[in-house]
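Okay, structure first, notes after.
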Amino acid sequence: MTALPLPATPPGPILVAYSGGMDSSVLLHLLAAAPRYRDSGLRAVHVHHGLHADADAWAAQCQRQCAALQIPLQIARVQIARNSGLGLEAAARNARHAAFAETLTLGEWLTLAHHRDDQAETFLLRALRASSPDGLAAMRAQRPFASGVLWRPLLHYPRADVLAYAQAHGLEWIEDPSNADTRHDRNFLRTQLMPLLQQRWPQAADALARSAQLSADASDLLLQEDAALLPSMLTATGALDLQRLRAQPAIRRQRLLRAWVSAAHAPALPAHGVAALEQEIDNHAPDRQASFAWQQVQVRRWRQCLYLLRPPAAWPPQWQTHWDGQAALHLPDGAQLQLQAAHGLRFAQPLRVRARHGGERIVLPQRAHSHRLKHLLQELDLPPWERERLPILWDGDQVLAAGDRIVSAALNDWLQANGASLRWRSNAAAN
């Protein structure tokens, strides 16, 4: 086969993920041969994993091939987290995707060389992991990725067509010996299971790829329903209302949990996380404060709501500073304290700012006596993670404010007299 017609030209520049293997060599050659792709902006990236003794030689070969085709190439060197618990294959994939995301520019199309046989393997792997229709959709031909779009223009071509093109054009490519290592699931499927299936069912790869497309169609409908229903499950602050969620069937609840996390651009909620949160939905106790954490994200329950958070850095012990109010104060946990007022307004003398230590008391507006800050915060019904992180403003031994949630009579009078307000911006919410 001397031609592999590609879909319509993307409305943006193209970044080819170029490993130097047969598939990406064919893709690069196809794109380089068509002026319309060059005209839109065409370049390549090679991820140097550093896992094989020939990795430097492979990078050099990719440079030679790109130079011959007059295509700019970027070499992205990555460090593989060998002790991540994910396994070497998954850790390498994560590092590769991170490199792609970092290399991709705004509006650029990251172009991958996956073909129909890859799609069939992915469908089988997902099925063996008991995936939902979302997972069985396998690889999408096009989807948002980082600051651009991920595009797989060869996804509907069988590997045989890709190989025929490579041979017809005399292409040279790298053979990675790790692709023959059957300790990796995908390699086992490719070298052991798929040939056996195709002996009995010659159209096995095509049938599996079509099943992936049918799953994608079903998934798209379900995702549209999730997106339409999700807003009615949320509070004004973006928390999930457990009482509303309980009115939904269990399967829909699970999908809504995933949709809520996805809408906040947080890492996908793992299956055991869905199971843990389902228990919280079923538990009607009003004082539950359970949580589930994964990949620097956390879901915490407070009252009858679930909150999606990015746990901030802890305040250093005994941390404190002085603040005159003229510029925003950046706190150790990434939050910010700001005096919103006319330009140049500042406190008469700098105020001391520190974390809560317990036992603080404050005099509120129109009150004659001081009150324990702890009790006032409880009355406000603030979630515990907000209470823990509130910066306390002091003037000498007098508490003036707890963030912007509670303001003393003295500070309130000063703010009103100057047409100002105090603003504490927390960065804990993930959505």
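Count begins at 1; order follows the chain as displayed.
Cβ coordinates come from backbone N, Cα and C, glycine included.
All chains included, 15 other C-beta atoms sit within 10 angstroms of the C-beta of GLY21 (ATP binding site). Annotation note: GLY21 (ATP binding site) sits in a coil segment as assigned by DSSP. Sequence annotations record features per position, and here TrEMBL assigns ATP binding site to SER19, GLY20, GLY21, MET22, ASP23, SER24.
According to TrEMBL, the feature domain 'Lysidine-tRNA(Ile) synthetase C-terminal' maps to 351-424. Model confidence over the domain 'Lysidine-tRNA(Ile) synthetase C-terminal' (351-424) stands at 91, taken as the mean pLDDT rounded to a whole number.
Counting only residues at least six positions away in the same chain, the Cβ atoms of VAL162, LEU163, ALA166, LEU171, TRP173 sit under 8 Å from the Cβ of MET22 (ATP binding site). The number of other Cβ atoms within 10 Å of the Cβ belonging to SER19 (ATP binding site), over all protein chains shown, comes to 21. Its own atom aside, the Cβ of SER24 (ATP binding site) has 23 Cβ atoms within 10 angstroms in the protein chains shown.
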